[in-house]
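A short worksheet on the structure shown next.
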Amino acid sequence: MVDCFNANVLISAVCADRLSDEHRMTIDHKVTRQKAVGEESARISRRNAVTLFQLFAVCLLWERSFAQQVYNLSLSIEEGLPARTIVGDIRAGLQTPSSGFFISESRDSYVFKDLEIDADTGIISTAVVLDREIRDQYEFVAATLTGDVIKVKIVVKDVNDHSPVFSTEKVELNVSELSPPGTRFEFEGAKDQDEGEFGTRGYRITESEMGNIFKVKYREGVGNLFNLDLILTDKLDRETRDFYSLTIEAFDGGIPPKTGLLKVYIHVSDENDNPPVFNQTEYQASVWEDALVMSPVCQVYATDLDLGDNGLVTYEINRRQSDPNEFFVINRTSGVIHVNKPLDFETQPFYELIVRARDNGAQPEYSSTFVALRVLDINDNSPIINVLFLSETGEAEVSEGAGMGEYVARISVSDPDLGEVGRLRVTLEGGDGKFTLKQTDDFLYALCVDGELDREKEGLYELKVVASDFGSPPLKSESTLVVRVTDTNDWRPVFDQDIYTVSVSEDVPQGSSLLSVQARDSDDGVNAAILYSILQSDQDHLVNVDPESGLITTAARLDRERETEVRFLMVAVDGGSPAMSSTATITVMVEDVNDNEPVFQQQLYNVSVPEHTQIGNCFLQVVATDVDGRDFGTVRYSISDGFDKQDTHPLFQINPDSGELCISQDIDRDSGLATYDLLVKAEDQVS
């Protein structure tokens, strides 16, 4: 305990003397020697210097308890400035000037590696080019020879010395051409070692033409990083364009901004979105009836714009709709049609095949074409007529909305006796000029519309197709066609009247019938089915209509004082597609009933009358109103006894029409009453 006490006293004495000049010279001498010795000596000297500073710091802390000061000094400097740039002066943190400082850090610390600190002047400068991304602040303690302590903190400020950098230079995407607009592709954002406004601030696509198909969106993520989404804004079509290249540029907030680039290569992958397409809408060919089995007849060809299996086309004959007995077969891959069974001209001289092309996609696409095959022969038979109706149901019908030239049926004719002549005469009879035959091949005709059809005028046509050969004598065949004209919604409903007017008492109960309207439609079936409704208006809540019968009823109690008439539009809509409609104006006249009492403008009148006022002089007019109509709203006035009976007052009388109270006898206040209470009754003129 005695030794410790002596040691403390010794340290205190050294501190109190503030270190004499001789001590300071000794320290400077030691520092000079330390710079001159070798590496091993330097390490030893650094340890000694640290030990010396620690001893000095103990002294300072000891003295601090005796009112010495500890100061804080905050400095800042931008990164990237050249070495030997002055940061600041330690003396700026002191209240009184001082020179000569002891630094808490050893010479091999990061402080002395990056900074130069003049121990005499306190000037701090950079020893190297500072990099905030490596170290963003420096802290050390300096002590003056007088015992004051300065805690120095140097903050390295960021500058925009880094560009945003993507983790990769390019990205390749495979995007389905069926990807819907709005599909997102998430990328890792670009990283910028700078912070704050100098960090990554956003992204954009550099190619303006890509803006119609793609856009980028970004949102703040964790830290100084934006999450990046590439968003598809339009539909893709690989068959139109199968590759896109764009550049996403990341930019920071510097002026001017620094940027980083990411190349995005987008490969549009194929989907089975195209059906096979035949190079002809219809094929025609002839084959002799003695052709050998597997003889080629004709070839169909279809292409598919898709790739791979999606574009691989195979062929088949639709047996449900054509050639169910398989007289012909088709090569699945080449599309060549071959004879499959012996043909007999007399049995069947003409074949109509429906060939279907199918791709090989997971969900295959289809298309069909029509193949007309004519069998050639020489025979002695009358012409044969075959009719194929082209309606959706296959029935002998045509829409009244069919345009001029529209096909109704395909008619094929043949004759075993044609031989080398190869000609037939085909004519059409009947139809009132509404139909005609159009020859599309030697033995193929189309029954076409040749005039405007109107089912409401003529719903059924009987046509006769006559085919005759050129033999001697000529032979002919006839085929009677009964073609039904189907309805289209070309007529709108028509009301019996354009304007309906009905009167009803205002006191009818809710739900009372007002009138029934009816509209008629000249169309047929669903096109003539009519539904009724009330067009929305400010009075439509007062009435209802049965949508099927057209019966109009009251939906609420009527009040003539609120509405003298109810006017609305009735709408009749048919069931066609698109629907057609018409309207009629309905006016309901609300008739008045005596459902309101007269009401006085005032319930109490006070008036003063001088005595001996001249008889017949009127001194007050009472007014009552009745909101009923003129028939029920005329008000008459009388003086009442309070029991619904008219009273004759000896001094006063009232004009029953105007409500004026007048003097009927001389009034003497001294000989009579000073105050009179009169009860006036107002009543309308309906009993």
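Sequential numbering from 1, following the chain as shown.
The backbone N, Cα and C atoms fix where each Cβ goes, and this holds for glycine too.
Since the structure is predicted, the reported quantities are computational estimates derived from the model, not experimental observations.
What TrEMBL records for this protein:
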DOMAIN    101-166  domain 'Cadherin'
DOMAIN    167-278  domain 'Cadherin'
DOMAIN    279-385  domain 'Cadherin'
DOMAIN    390-495  domain 'Cadherin'
DOMAIN    496-600  domain 'Cadherin'
DOMAIN    601-685  domain 'Cadherin'
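Each residue of the domain 'Cadherin' (279-385) gets a DSSP state, and the totals for helix, strand and coil are 4 helix, 48 strand, 55 coil. Taking DSSP states H, G and I as helix and E and B as strand, the domain 'Cadherin' (167-278) has 8 helix, 55 strand, 49 coil. Model confidence over the domain 'Cadherin' (496-600) is summarised by a mean pLDDT of 90.
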